[in-house]
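Asker: So TrEMBL lists the following for this protein:
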- 63-167: domain 'Phospholipase D-like' (DOMAIN)
- 243-368: domain 'Phospholipase D-like' (DOMAIN)
Amino acid sequence: MSRTRRSLLRAVGSTGVVGSVVLGSDTNRAWSSRGSAPRIEPIFSYPSPLGRPDDVHERTILDLLHRAVPGTAVHLSLYAFTRTNVARACLAAADRGVDVNVLVDDHLAEADAVQRLRGRSNDRVSITADGGIGVSRNHNKFLLVEELNNGESNVVWQSSSNLTNTQRFLHNTSVVFRGAGDLYDVYREYWNELAAGDSDPHYNRTAETDSATVYFSPRSDFDTHLAALENVVPSRDATIRFMYSIWNEKRPAIVDRIAELVDAGCTVEVILNGEKSDIGQRLRRAGADVLEYPTTTVGRVTPWQSPNVHSKTMLVDADVDVDGETRRRRLVYTGSQNLSRNGLLANDETLLRIEDDDVYAQFVRDWKRVHEQGRRLASDGAMAIVRSLW
């Protein structure tokens, strides 16, 4: 289907004001403070081995929508949007005078959540389906909020999580940036270009901001992750960690570079979604330590969905060559891009590089926690779940 075609549908309605939202516990959320208020807030979800969900990413979205100031705008771009409570929050924000602008990929444009927004008749909410720059999917997951009622402005939420019921049962990551004017402006320009729907397989856009570097797909100029690994100067105290939902055979140069790094003494550790990724054996042959997070259920003991990995994260703690100068860097790469060919070349995707020691430490703690849960499930299977009931 051509990406030059787009449908713009306008809607708004009254659903009542969203009640106050209680956000996640400190085990889900952490803060990196700069000055008197936090600027970068990593958020992590931990569905239980029993198959119980963790709604922290959804609650974050609801809270941001609830706090949006009348007379300002929010902009949302989602690959999958089926959660009707978020649709209701969008309508409630519009009732308060907030302009709500939503981009959805067309594969779920008929979902009930989207239909609720379409079914109203006012100019406060716009729904754009089949916008995009890439030739495949708009795989983005981000929200932009112009101003909150606590005085914060230029808020960017970037996530690996879609807004669907399934995502509540998966390990995901989000990052909220507050007061990040230059980053917000970059995303707003990108959102407008997505909404215009003009295809460009050579989009190749990179933006440097005070908070993060942003790599947008589609791109034909270089492989984002391979370029990052090629800048690593190998050493025995270097550690590189991955946690990915989808990592397939279509970007083999990344595995080749991992083999070079391991041969030179680097430690490479990987968590994969055991159902979605097919690269595990190649990574092991390259010398990486690989955990394929299993899908484990025990009949009625797990009446919902087994947890698994949906994050898209690469963590680098190494000497890195920057413009000919080598220095130690701790880097977080996170966003919507899977390690697949489509993720780089065909989809609309956003990848962030964050250089902040506090944020890096929080992502490492998340990686270790997910790895431990996955290891227990892989080692003990159903008994790990049964023992957790005792």
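In case you wondered, yes, glycine gets a Cβ from its N, Cα and C as well.
Just so you know, TrEMBL annotations are computer predictions that nobody has curated.
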Asker: Going by DSSP assignments with H, G and I as helix and E and B as strand, what are the residue counts for the domain 'Phospholipase D-like' (243-368)?
Answerer: 38 helix, 48 strand, 40 coil
Asker: Tell me, what is the mean pLDDT of the domain 'Phospholipase D-like' (243-368)?
Answerer: 92
Asker: Counting by DSSP secondary structure, give me helix, strand and coil numbers for the domain 'Phospholipase D-like' (63-167).
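Answerer: Here the numbers are 29 helix, 36 strand, 40 coil.
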